[in-house]
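Participant: Marked as domain 'NADH:ubiquinone oxidoreductase chain 4 N-terminal' by TrEMBL: 1-110. Residues or ranges marked as transmembrane segment by TrEMBL: 21-42, 62-81, 93-111, 117-137, 149-168, 195-217, 224-245, 257-278, 285-304, 310-331, 352-370, 390-415. Annotation source TrEMBL lists domain 'NADH:quinone oxidoreductase/Mrp antiporter transmembrane' at 113-403.
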Amino acid sequence: MLKVLIPTIMLVPTVWLTPAKLLWPATLAHSLTIAVTSFSWLSNPCDTGWSLMNQSMALDPLSTPLLVLTCWLLPLMILASQHHMIHEPINRQRTFITILTTLQVFLILAFSATELIFFYIMFEATLVPTLILITRWGNQAERLNAGTYFLFYTLAGSLPLLIALLLLQNTTGTLSLFILHYTTTLPMISIADKLWWAGCLVAFLVKMPLYGMHLWLPKAHVEAPIAGSMILAAILLKLGGYGMMRVMTLLEPLTPQLSYPFIILALWGVIMTGSICLRQTDLKSLIAYSSVSHMGLVAGGILIQTPWGFSGALILMIAHGLTSSALFCLANTNYERTHTRTMVLARGLQMALPLMAAWWFIASLANLALPPLPNLMGELMIITSVFNWSWATIALTGAGTLITAGYSLYMFLMTQRGPLPNHIIALDPSHTREHLLLALHLLPLLLLMGKPELIWGWTA
């Protein structure tokens with residue numbers, strides 16, 4: 001565990017001691033080494049439960065894929081941010097990379113925490129670097145508004161979770177994930193018990209976010225710099241799903257009755273946010289709403305509480321993390337050339353950048369869950385387990401899948417096909433850095449088709 005955490009912390013002195021000319025190559029090499037080292041976690045046997053334990057950190061088949069994804073994303077964020085940060089003062093560049101590193105440290109500690117309060121503290125600590133990223137390096141003046149939304153939605157959801165965890169500590173005497181499974185389940189009868197159950201889940205449902213609590217996400221995504229959008233889509237939304245998976249198994253007695261409204265809301269959200277995507281004009285906003293739609297499916301899979309639902313949710317979280325991050329990178333390459341996110345003004349780019357259009361095509365197909373990509377595997381497992389719970393849900397999940405295909409193709413056709421507009425006179429050619437960045441997003445996704453057992457969690 002420490003073989004990744006300590007080098008990540010040591011990245012901070014690397015950032016501040018490296019000469020200005022070598023800052024980006026050195027930090028990229030350092031973070032890529034950490035990412036490759038983290039692959040060794042995947043070789044741990046899945047059937048033994050927890051592994052690589054120390055006093056407060058451990059790995060299990062649920063947290064390992066998310067931790068590897070966290071480590072994999074830092075070099076990609078550094079690659080993606082290089083172009084728009086290079087003109088800033090050198091100390092500001094160093095501060096930017098330090099904030100990304102701090103965020104990675106908090107995320108590693110959150111995903112590997114074995115104490116619920118430790119997890120809660122790290123869950124909240126990720127707010128600070130993300131808020132700085134959005135409010136300091138965002139593009140428009142609305143970034144302050146987006147930061148406020150982000151902070152208050154997340155904090156308002158998290159306070160009931162803190163109270164619920166303290167109550168759980170009072171009742172059971174422990175918050176260790178090792179011991180909590182063996183404590184006697186509490187009789188939950190009163191209204192207060194039901195509120196306690198909701199308190200445990202609301203923070204994670206806001207973070208995912210569930211439809212109805214999602215208003216902070218499109219704002220945050222649209223205003224954040226590219227690194228902020230990538231980490232938000234790929235990892236921070238997954239913190240909500242991970243927290244739900246951890247807490248749901250502890251709340252056994254009440255879950256079957258109380259999860260009904262949330263499952264219906266999640267599945268309804270898939271259709272509603274998909275429909276919102278179909279009428280978006282802003283490219284980043286479309287990708288942000290598509291994230292809400294996919295995470296609604298994940299929430300439904302977790303709330304069903306079957307092994308297939310859990311596995312499907314984990315697979316879809318990993319696949320969606322890579323896909324949506326790649327889409328944000330592609331949107332950013334368009335923005336850096338045309339300086340607009342409006343799709344009508346930056347269309348027909350296949351004529352000018354044919355190789356980029358190939359990456360767009362693969363990412364769009366991954367977003368609409370083309371077989372045999374892991375996206376489809378996760379969606380099918382969730383749809384099957386939800387159908388097993390109630391056959392009527394096939395109307396919601398089926399419509400959601402069709403709408404997803406519709407807006408993914410709409411996004412591809414709007415940005416790539418058709419004649420190049422007359423106002424686009426000169427475009428920079430695509431750089432090797434950008435092709436490398438997209439290859440590092442989409443190759444893992446394609447390789448996972450050959451070995452999906454790495455990411456399907458504890459039912460292996």
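Along the chain as shown, the residues are counted starting at 1.
Including glycine, each Cβ sits where the backbone N, Cα and C put it.
Unlike curated entries, TrEMBL annotations are predicted automatically.
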Participant: Should anything in the same chain at least six residues away from the transmembrane segment (93-111) have a Cβ under 8 Å from its Cβ atoms, list it; otherwise answer none.
Facilitator: 4-5, 8-9, 11-12, 15-16, 23, 27, 31, 57, 63, 66-67, 70-71, 73-74, 77-78, 81, 85-86, 118-119, 122-123, 125-126, 129-130, 132-133, 137, 227, 231, 235, 239, 242
Participant: Which listed range (62-81, 195-217, 352-370, 390-415) shows the maximal number of Cβ pairs under 8 Å with respect to the transmembrane segment (257-278)?
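Facilitator: The stretch I would name here is 390-415.
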Participant: Counting Cβ pairs closer than 8 Å, which of 117-137, 149-168, 285-304, 352-370 has the most of them with the transmembrane segment (224-245)?
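Facilitator: Looking only at 117-137, 149-168, 285-304, 352-370, the most contacts with the transmembrane segment (224-245) come from 117-137.
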Participant: Compare 21-42, 62-81, 149-168, 352-370, 390-415 by their Cβ pairs under 8 Å to the transmembrane segment (285-304) and return the stretch that comes out on top.
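Facilitator: The stretch I would name here is 390-415.
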Participant: Could you tell me whether the transmembrane segment (310-331) and the transmembrane segment (62-81) have 3+ CB pairs under 8 A, leaving out pairs under 6 positions apart?
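Facilitator: Between the transmembrane segment (62-81) and the transmembrane segment (310-331), contact is present.
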Participant: Mind checking which residues of the chain, 6+ beyond the ends of the transmembrane segment (310-331), have their Cβ under 8 Å from one of its Cβ atoms?
Facilitator: 62, 65-66, 69, 73, 76, 80, 221, 226, 229-230, 233-235, 238, 241-242, 245, 283-284, 287, 290-291, 294-295, 297-298, 301-302, 341, 356, 359-360, 363-364, 366-367, 373-375, 377-382, 384-385, 434, 437-438, 441-442, 444-445, 448, 452, 455-459
Participant: So, by DSSP, how many helix, strand and coil residues make up the domain 'NADH:ubiquinone oxidoreductase chain 4 N-terminal' (1-110)?
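Facilitator: Taking each residue of the domain 'NADH:ubiquinone oxidoreductase chain 4 N-terminal' (1-110) in turn, the totals are 87 helix, 3 strand, 20 coil.
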